[in-house]
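Copied over from TrEMBL, here are the features:
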{"type": "BINDING", "residues": "A:Lys107", "note": "NADPH binding site"}
{"type": "BINDING", "residues": "A:Glu192", "note": "L-homoserine binding site"}
{"type": "ACT_SITE", "residues": "A:Lys207", "note": "active site, proton donor"}
{"type": "DOMAIN", "residues": "A:350-428", "note": "domain 'ACT'"}
Number of protein chains: 2
Amino acid sequence: MTTPLRLGIAGLGTVGIGVVKIVRKKADLLQARTGRPVVITAVSARSRDKDRGVSLSDYAWENDPVALATRDDVDVFVELMGGHEGTAKAATEAALAAGKDVVTANKALLAIHGQALAEQAEANNCVIRYEAAVAGGIPVIKSLTEGLAGNQIKRVMGVMNGTCNYILTRMQDAGLPYDKVFAEADALGYLEADPNLDVGGIDAGHKLALLSAIAFGTKVDFDGVELEGIERISIEDIKLAEDLGFRIKLLGVAQLTGRGLEQRMSPCLVPADSPLGQLKGGTNMVVIEGDDVEQIVLRGPGAGEGPTASAVMGDICDIARGLRLPTFGIPAKVLVSAQAATSNSTAPYYVRVGLLDRPGALAKLALALGDAGVSVDRMRQGHHDGSEAPVLIVTHKTQRRDLDAALTALEATGVLAGEPVVLRIESV
Amino acid sequence: MTTPLRLGIAGLGTVGIGVVKIVRKKADLLQARTGRPVVITAVSARSRDKDRGVSLSDYAWENDPVALATRDDVDVFVELMGGHEGTAKAATEAALAAGKDVVTANKALLAIHGQALAEQAEANNCVIRYEAAVAGGIPVIKSLTEGLAGNQIKRVMGVMNGTCNYILTRMQDAGLPYDKVFAEADALGYLEADPNLDVGGIDAGHKLALLSAIAFGTKVDFDGVELEGIERISIEDIKLAEDLGFRIKLLGVAQLTGRGLEQRMSPCLVPADSPLGQLKGGTNMVVIEGDDVEQIVLRGPGAGEGPTASAVMGDICDIARGLRLPTFGIPAKVLVSAQAATSNSTAPYYVRVGLLDRPGALAKLALALGDAGVSVDRMRQGHHDGSEAPVLIVTHKTQRRDLDAALTALEATGVLAGEPVVLRIESV
């Protein structure tokens, strides 16, 4: 096939411009690898006049992404605008309706509307590709969907929000409190316009929902992801965890249990010397466990112009080469609705509570845990700091709900100085 | 496409039986993912009567792999015999001539005859897939060929022989000498029938040659790989490296320089806290650096029934799904002959020499280095042990040939107690 593959690119931010640069600069390489020219025919963005450091004069301009998506001279609609409603959704649907393939970096759109879009794509013989939506430059969608296709996937885990990992490692390395590092990250432009997308775990949760669907053949179910952000992690927690031989990571975990699909995105303790524990800064890591392959670990930059554009180009090259698969690896109609399972797998937990300086407070804590059937592996009380004493507990394996019951009972006794911090210790 | 994909499997050792088990056990999963049944129609191995723990009675038996490869009821010839001449080569050629696709785990065959086989495959509209030939269960061929197709690859590095990494980490962890750990590995069955394939770096060199071809669009050139084994690494070297903050790994490095394609497989020092430095036991790791993606690190089991069979199944699923690419990513006719470049990139080096107990010996060493233009970063002389004194040198960045010239000149002065150990310090 030597007919050109014609791209229409909507969204000319960092990633969009990164893609434009690659297509211009590496035309020969792309043609050699795909066997056909890869060209841009039209682009679209909010402002036409902005100087983006690269000439766009060779391309038709569309103010309306929907118009771009349906142009006769566009084969692939490259959606790099973001947002799960509004224009990105409308333009993607229009592209599929017009029989165009779609390449996108939009995790929110797919995490929320993935099933409907996948069905629409298949009804129109189109493909939707989204390698850039998960873990930046790491070819994790491809590894999971294709390379490990012979495996029954047991568990998928990942650190998939570089900003959160930056904040947590910076807190650790510099001994700085959360608020200070959050402000630094903000000043460096690392945070989304709505920071809760990052530090609340939502962005990473979108990514986990996409990986779950591929791994387990289930309909993408972002609502089934138990979300917990990193806002309550203190420098104290980070230091205590380090003393115990652990690091705190915003970790996504998806696994199919007897009771359904468990999807968690929450700060967890992982062994300091594990690949996940060693991960620093904005780097991402995904761990895939399969019945045959055992464990594969993929590590790479989770964001940035080059790495994200690299993932977009990988998808474009696949389309140019004629490599076509259903959105989530198997036909959308075959994906099953997963029963969302509230975490019921057992694990040891890290618990930090502040106890009011009252006689018998520690006994009440111990009693509450015992009554709920939570067995304590280690407990340590620190010096009273004013009116409260910090207590660190590491439990034996327990169910989260038993632990929560213990803490609720403890709360009722009136000895708690504040809300406890509860972090799962994940075996990795 | 719902016609079955019919496999003929030659070689029923660990990996072959692993593949048989997966095809039997996961028929539904494979059909769901590929859209068609994946079945075995015929098998071949040296001995028909051996008990392999799985029933083969459903499959036709061929004593001759060439006959198996050309059967009318075989679509994919799965070559798991190994060896780069003789039957494996003849059967692969016969399969391609008969229009069969080939899936193989045979790194030696492809490293030596890859160009001719790729040309034959393309002339017959067949594909050759070999994910299992490099780094076991890690989907590295796929990541490099497809996921990173938009990148100009800068460098590929890897620890790709689990046995060597086992030996080196076991020496380090247990403080045992090479000979003792080698004997252990032998007793555990970790070594190839010809151990030089492992410890001489040949097996890993084959793998590096395959990655180079894909990364740089060059004809696979195993003869161009500078090979050095781990046989001369002593426990002393491992300890000294650790003191300096490094670990010793049998590391493959391929990069295209201004003077040609540099391919090295040799023991190197890497930072102890880098992902490569942290790698223990039989696990493999491949690091890929591209102009856009920056650095991707892939880690996983390098051998074993499950992981290797997982890689074979990934290839089989791709073929079942109709995903077809040239053997090395671009058509064989387009691959260029690389100019093999003797290592000329500069690097710091670790040098350990034994100096005879003679006045002026250390001065002669210093002079020889200075005369050859090799600048010393650190030098340390240990206590005389009988008649010789161990000297450790860490050089500044230098060319290997200048260092070799210095050591040759030193040799001529008669102060050397034995052959120096020279290890490159690789920046990773």
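Glycine too: its Cβ is placed from the backbone N, Cα and C atoms.
Distribution of TrEMBL features across the structure.
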residue	record	Cβ neighbours (10 Å)
A:Lys107	NADPH binding site	28
A:Glu192	L-homoserine binding site	15
A:Lys207	active site, proton donor	28
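The residue listed as 'NADPH binding site' sits 6 Å from A:Lys207 (active site, proton donor), counting Cα to Cα. DSSP assigns A:Glu192 (L-homoserine binding site) to coil in the three-state reduction, outside any helix or strand. In this structure, the CA atom of A:Glu192 (L-homoserine binding site) is 15 Å away from the CA atom of A:Lys207 (active site, proton donor).
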